[in-house]
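> Quick one: structure below, then a few questions.
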Amino acid sequence: MVSFKDISFAVSNISDISEIFPALVWIKWGNRNKPFAMMGLFFLVSGIIRLIALGTAIKGIHNMPLYHLLALLEAAAVYIFFTQAKGTKPKTAVLVILLLVYSGNILFQNMYLDFNSNTWTLTVLIIIFLGMRFFHRIYQTEESKALQRMPEFVITCGWLIYSSGSLFTYLMGTDILSGKPEGFFNNAWLIQCVSNIIKNGIICYGFILSSTECPR
Amino acid sequence: MSQVTYFILGTGSMLVMVVLIIWFVYSYQRKLSLRNAEYRMVEALMQRNELKSAYAVIEGQEAERKRIAAELHDNIGGIMSTLKIFSDLVTLETDTSEVRRLNKKVNELSIQLTAEIRKLSHELDLRTLSGFGLRVALKQLCESIQATGKLQVVSVIELQRSPDDVLSMNLYRIIQELFTNTLKHADASRVRIELSAIDDELTMIYEDNGKGFDAELQGGGMGLDNIRKRTQSMEGQLTIDSNSFGTTVIIEIKL
């Protein structure tokens, strides 16, 4: 009989593999201009990292440093995406601060080989903040474009669903991942995985939309 | 945190976000439909205003027609009546010296009549130009040429705003001169006139399908000379291309 743990592992693997799909869609159909180029490149890197992480996990090799890197890349990529979508240049200072905060947190808390709840929580909070701010900007703008024709809006929806679904998983991440993956709590990664799969699906659609709705 | 609390918060926050996105979509679409309704209202209002100004133009034209009728009746009509009296007297008179005197008077009156007609015509041009702008004046000119039945006139006039009075008058006179040349010498059946002002450049293109002329040989002719002088005074550029299939005159002016 299939156990809850088996389901959780299967969904987690699908979630990791699904990260490469937005990159493939972007390569095939996506818009190469700002802000989609940054998002496409991020998914390419993120997809590869997650596949490596999946491979290392299967072989029982510690892969947490990859996730530390991924948290930083995710926060930076989302920041650059929303800044470019707004029509402004991303500030180097912000990226440097992100790098310092993320690496500082890992160094000072000695979390090289643990899941870093702090940085991942910070990442999803940044995504929620930037996503909400982007919604506000869309609402305030004088442009009368329908939302279904705005790939930036679709991509933002994907990120928001992912970040809200991941928030509590990341908050409790260290506890969830400690101990054996038995019982509901220690398999609760499922919620994050589902939200990640939804995000990747929505962003794939956003990339397809960007090919028809935005100038190439 | 208990497992149930975690589960509720974990899935709850995702659901809250979905609801939030749905609410945002609803608010945004509502805002769009309200804005569209406002646009429609403004468009309807503009349409009504355009109709009003069209009525104002028609009323203005009607008043102008009445003024012309009064001018013809009171001034030119009066001279014509006097002219008729003198010409009647000439036919009845037998005395040669008296006939000569009356003929002189008839001659003077016909000169006065010509001057009065020219004055009225000039005044009418100016009034139409200053009152209704270059677009209306040109439309009227094209209509009157078309009405003669000698030329088929197609006019495309795209002016966002009427040029200043001096420029309008110069352009109007140039186009008048071009029409006169086509009617007198070109043996044409069709004329196309295009006047457009894009950004700060005004372009006038006049084309006929007449027999053309040699612009080099007729360079000193009065009509063309006037066109050149007027174009120069507007600091414009004049291009004339004429062959046996027709003539094209292009004038480009920086506004």
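Glycine is treated like the rest: Cβ placed from N, Cα and C.
Grabbed the feature section from TrEMBL, which reads as follows:
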- A:36-58: transmembrane segment (TRANSMEM)
- A:64-82: transmembrane segment (TRANSMEM)
- A:94-113: transmembrane segment (TRANSMEM)
- A:119-139: transmembrane segment (TRANSMEM)
- A:151-172: transmembrane segment (TRANSMEM)
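Each of these features: where is it, how hidden is it, and who are its neighbours?
Non-local neighbours of the transmembrane segment (A:119-139) in the same chain are 67-68, 71-72, 74-75, 78-79, 82, 85-86, 101-102, 105-106, 147, 150, 152-153, 156, 159-160, 162-164, 166-167, 170-171, 173; each lies 6+ residues outside the stretch with a CB under 8 Å from one of its CB atoms.
Counting residues 6+ beyond its ends, the transmembrane segment (A:151-172) has Cβ neighbours under 8 Å at 31, 35-36, 39, 78, 81-82, 85, 117, 120-121, 123-125, 127-128, 131-132, 134-135, 138, 188-189, 191-192, 194-196, 198-203, 205-207, 209-210, 213-214 in the same chain.
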> Would you kindly list the residues that approach the transmembrane segment (A:64-82) from elsewhere in its chain, counting only those six or more residues past its ends and only Cβ-Cβ distances under 8 Å?
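Apart from its flanks, the transmembrane segment (A:64-82) reaches 35, 38-39, 41-42, 45-46, 49-50, 52-53, 56, 90, 94-95, 98-99, 102-103, 106, 111-116, 119-120, 122-123, 126-127, 130-131, 133-134, 155-156, 159.
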